[in-house]
Structure formats: C-alpha cells, structure tokens
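S.K.: Reproduced below are the annotations present in Swiss-Prot:
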type	residues	note
ACT_SITE	H47	active site
ACT_SITE	D89	active site
BINDING	Y27, G29, G31, D48	Ca(2+) binding site
DISULFID	C26-C115	disulfide bond
DISULFID	C28-C44	disulfide bond
DISULFID	C43-C95	disulfide bond
DISULFID	C49-C122	disulfide bond
DISULFID	C50-C88	disulfide bond
DISULFID	C57-C81	disulfide bond
DISULFID	C75-C86	disulfide bond
Amino acid sequence: SLMQFETLIMKIAGRSGIWYYGSYGCYCGAGGQGRPQDASDRCCFVHDCCYGKVTGCDPKLDVYTYTEENGAIVCGGDDPCKKQICECDKDAAICFRDNIDTYDNKYWFFPAKNCQEESEPC
C-alpha cells in the first residue's frame with residue numbers, strides 16, 4: 001500500500017516520501033509523463049513501471065508483509081502479487097537512498113508542462 005511505501009522510504013532512505021517525492025520531477029507523485037529529470041525522478045519512473053507489471057492486486061491499496069533482517073527489508077507472505085508490490089516499493093526506496101545526493105529542489109513541484117517530451121518505454 002502507499003502507506004507502507006512511505007514507511008519503507010523512511011526506513012531505507014531516512015526521509016519522508018510524501019514530503020520529498022510526493023510531487024517531484026515528472027514521475028514522483030500521481031501520474032507521470034515525459035522524461036525523468038534526474039536520478040531521483042528515474043527511481044519514480046522505474047517504480048511506476050514496476051507497478052504497471054503487477055496484476056491481480058492493487059499496488060496502491062493492498063497491504064503486503066515484510067520483515068527486517070539485519071537491517072534489510074525482506075518481502076514475504078504467501079501472495080506473490082503482494083510480494084511483487086513490496087519488491088517494487090523496496091527497490092524504489094533503495095533507489096531514493098542511493099540517489100539522495102542528486103535530489104534537486106528545482107524539481108520539487110515541477111510543472112507538468114515541463115514534462116511534455118516523449119516518454120521512454122518501461
């Protein structure tokens with residue numbers, strides 16, 4: 001679920017996903033189009049693509065299970081669809097963490113009119 005995604009971003013990247021990525025670049029937040037503006041925005045693009053491959057459950061609403069083992073998030077549970085959502089969220093949170101140094105405030109609340117370039121395929 002999106003609330004779990006927020007929790008994973010806090011645990012892994014150490015910052016609020018809603019605050020920092022809720023409306024960032026061309027892909028972070030609702031929707032997405034155009035060309036990712038930087039590495040952090042690309043994390044959101046890849047996350048959107050990952051959610052797009054999920055079938056049989058709702059990535060934004062369905063709750064998944066995970067554990068923390070030696071500081072790492074381990075996705076679990078018996079439902080392969082929900083496990084896939086967890087992996088999408090975990091990978092995005094790791095991507096945010098690994099690209100924190102590229103985060104640029106100029107892409108915060110970036111106008112959609114600046115995201116008109118042709119989108120690349122997933």
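First residue shown is number 1, and so on along the chain.
Cβ coordinates come from backbone N, Cα and C, glycine included.
Values in this document were obtained by computation on a predicted structure and should not be read as measured data.
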S.K.: Cα distance, C81 (disulfide bond) to D89 (active site), nearest Å?
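M.R.: Between the alpha carbons of D89 (active site) and C81 (disulfide bond) there are 13 Å.
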S.K.: Other residues with Cβ within 8 Å of the Cβ centroid of Y27, G29, G31, D48 at the Ca(2+) site?
M.R.: C26, C28, A30, G32, Q33, C44, F45
S.K.: Sequence gap of 6 or more, Cβ distance under 8 Å: name the residues on the same chain that satisfy this around C50 (disulfide bond), in order along the sequence.
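M.R.: C50 (disulfide bond) has long-range Cβ partners Q84, E87, C88, D91, A92.
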S.K.: What count of other C-beta atoms do you get within 10 angstroms of the C-beta of H47 (active site), across all chains shown?
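M.R.: There are 23 such Cβ atoms around H47 (active site).
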S.K.: Nearest by CA distance to C44 (disulfide bond): which of the binding-site residues is it, out of Y27, G29, G31?
M.R.: Y27
S.K.: When you rank C28, G31, C75, C86, C115 by Cα distance to C43 (disulfide bond), which of the recorded positions ends up on top as the closest?
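M.R.: Nearest in space to C43 (disulfide bond), counting only the recorded positions, is C28.
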